[in-house]
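Read through the structure below, which is laid out as structure tokens, and then see the notes.
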Amino acid sequence: MVLMSLSWITIGVGVVSSASIVVDIRVHKYRQLLKSEEFVWPVTGLYLGPAAVVAYRRWIRPHSPRWQQRHGRPPKKPQQLAILTGVCQCGAHCALGVVLGEVFVFASGIKLAGETLWASYVSDYLGAVVVGVTFRYFISGRRGRHRIWDAIVTVAKADLLTVTVFEMVLFVWLALSHHVIVPEPPLNPATPAFWFFTQIGLASGFIAAWPATAWLIRRGIKVEPQPAQLR
């Protein structure tokens with residue numbers, strides 16, 4: 001009973017946090033020049049909750065034309081902001097990949113080696129990669145038949161390491177949740193407890209993926225898209 005109540009509370013907080021960011025962007029018109037931010041931050045709110053809202057309002061919102069019309073130049077970007085946005089971007093891929101993958105496995109009843117958990121791992125990871133390629137496809141500066149190839153190469157070079165670290169930590173946490181913390185009744189996507197544990201796994205993956213993203217940025221491998229690319 002306590003777990004059920006806690007699960008609903010954390011899910012509700014995540015949904016409200018995500019919705020507040022969407023309302024700020026869409027209704028209050030704090031639109032971003034980097035259109036990717038309008039996708040990334042609401043998804044981040046689903047698993048980081050109020051922390052995502054605070055980060056968005058402090059560092060992302062001031063870069064909207066509406067904010068700058070009212071307040072002038074935005075505050076100077078902290079050095080860690082590029083890492084934060086990079087982790088959030090890949091975290092959004094992983095979060096949506098988990099939703100797509102888990103719903104697919106649950107609905108289809110597919111198993112690997114007699115376990116739905118292994119099937120979930122494969123589908124979640126592939127889902128994250130597919131979301132990442134789709135994301136990169138739509139923000140790619142290239143056109144024509146080379147666009148999809150450019151998206152695949154960019155994901156492989158700039159995102160795959162972060163996504164892999166993120167997913168590995170999530171998978172370890174989900175395994176502990178399934179086999180140690182709540183072995184019975186089995187967790188599945190039809191229960192709020194499953195999504196509560198997924199939120200924790202995504203937040204843990206976020207922390208673990210930070211050093212990998214920082215390394216990619218220092219090496220010049222991962223570069224933040226420019227507004228001109230996203231018009």
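Using the three backbone atoms N, Cα and C, a Cβ is placed for every residue, glycine included.
Curation plays no part in TrEMBL annotations; they are all automatic predictions.
Mean model confidence of the domain 'DUF4396' (84-222) amounts to 92 (pLDDT, 0 to 100 scale). As annotated by TrEMBL, domain 'DUF4396' applies to 84-222.
Only residues 6 or more beyond the boundaries of the transmembrane segment (42-60), in the same chain, are considered here, and those with a CB under 8 A from a CB of the stretch are 10, 13-15, 17-22, 24-25, 32, 77-78, 81, 84-85, 88, 91-92, 95-96, 198-199, 202-203, 206. Taken from TrEMBL, the feature transmembrane segment covers 42-60 (among others).
Residues or ranges marked as transmembrane segment by TrEMBL: 81-106 (among others).
Remote same-chain residues near the transmembrane segment (118-139) are listed as 35-36, 39, 89-90, 92-94, 96-102, 104-105, 110-112, 147-148, 150-152, 154-155, 159-160, 163-164, 166-167, 170-171, 174, 225, 229-230 (criterion: CB distance under 8 Å, separation of at least six residues from the stretch ends). Feature annotation from TrEMBL assigns transmembrane segment to 118-139 (among others).
As annotated by TrEMBL, transmembrane segment applies to 160-181 (among others). Here the transmembrane segment (160-181) has long-range neighbours at 86-87, 90-91, 93-94, 97-98, 117, 120-121, 124-125, 128-129, 132, 187, 197-198, 200-202, 204-206, 208-209, 212-213, 216, 222, meaning same-chain residues at least 6 beyond its ends whose C-beta is under 8 angstroms from one of its own.
What TrEMBL records for 193-217 (among others) is transmembrane segment.
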